[in-house]
Amino acid sequence: MTMESGAENQQSGDAAVTEAENQQMTVQAQPQIATLAQVSMPAAHATSSAPTVTLVQLPNGQTVQVHGVIQAAQPSVIQSPQVQTVQISTIAESEDSQESVDSVTDSQKRREILSRRPSYRKILNDLSSDAPGVPRIEEEKSEEETSAPAITTVTVPTPIYQTSSGQYIAITQGGAIQLANNGTDGVQGLQTLTMTNAAATQPGTTILQYAQTTDGQQILVPSNQVVVQAASGDVQTYQIRTAPTSTIAPGVVMASSPALPTQPAEEAARKREVRLMKNREAARECRRKKKEYVKCLENRVAVLENQNKTLIEELKALKDLYCHKSD
């Protein structure tokens, strides 16, 4: 019992000493703890972890376990402003996409406005709608509308030709030839001259056909000639030349009179004759002047030769005279 009580007294004494030392260490460490507490304030919001245990050796040689007040540095919970940067870049991309969509919409609207403008063919049709006998040009349609073939009706006017004598010749589609004098008004009072149509023949053959006048007379003429009887009773023959189908469209007939040349050809021939006549006159005058000049030169040479002979004779006479005086 005595040993047990002694041990208890010793343990109680050691405990009292330990408590006193702990109090002294606590008093000495208060400024540091306060400082550490001040330093560790920003990390108060960090996640809780187990406190670190530090072994402290006292001056009397005892070792005490002290719970560390300074906590380990925790990873910062402050997020970097990358999220905001990503947000800004996303907004910029969305604005670019919106601008591209707007540009595509504007280009589509511009194409629609251009497609609504009237084409040149439509303007030409509007201008030529009032002119009689002018075929209308169908406006180009889209591919959807061109599925069905469009048929255009073209009205071909009756060709009317005027000869150099003042007569009018109208050739209808049926093959009839109508004649009118210069005094008639328009197409009224035309004399109809019907010609029988000949069948297709080989090239190089001559076809004769009957031409019936208004008074009932029939005249046998070649197929490429037309006989015209004027009001005065004169009968004139006109030759009709048909050009090949490759150069002129079918239905176009060229009428010409071999006996009466056209006015431009006569004017050109007259000008050519005048030019040739002037050239001949100029050449004749040039030759005449050349002959006169040659004659003038020949006369001058003859005069100079005579003068030279005279001077030679005078020189001889002077020499003879000088020789006699010296003797």
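Note that Cβ sites are derived from N, Cα and C of the backbone, with glycine treated the same way.
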Checking Lys109, Lys122, Lys295, Lys309 against Swiss-Prot, the one recorded as SUMO2 cross-link is Lys122
From the set Lys141, Lys290, Swiss-Prot tags as SUMO1 cross-link just Lys290
Annotated as phosphoserine in Swiss-Prot, from the list Ser48, Ser89, Ser119, Ser165, is Ser119
Filtering Ser76, Ser128, Ser164 by Swiss-Prot annotation phosphoserine leaves Ser128
If one consults Swiss-Prot for SUMO1 cross-link across Lys271, Lys289, the residue flagged is Lys271
Ranked by how many other Cβ atoms lie within 10 Å of their Cβ, the recorded positions Lys122, Lys271, Lys290, Arg300 are led by Lys122
Of the recorded positions Lys122, Lys290, Arg300, the one whose Cα sits nearest to the Cα of Lys271 (SUMO1 cross-link) is Lys290
In DSSP terms, the region 'Basic motif' (270-295) comprises 26 helix, 0 strand, 0 coil
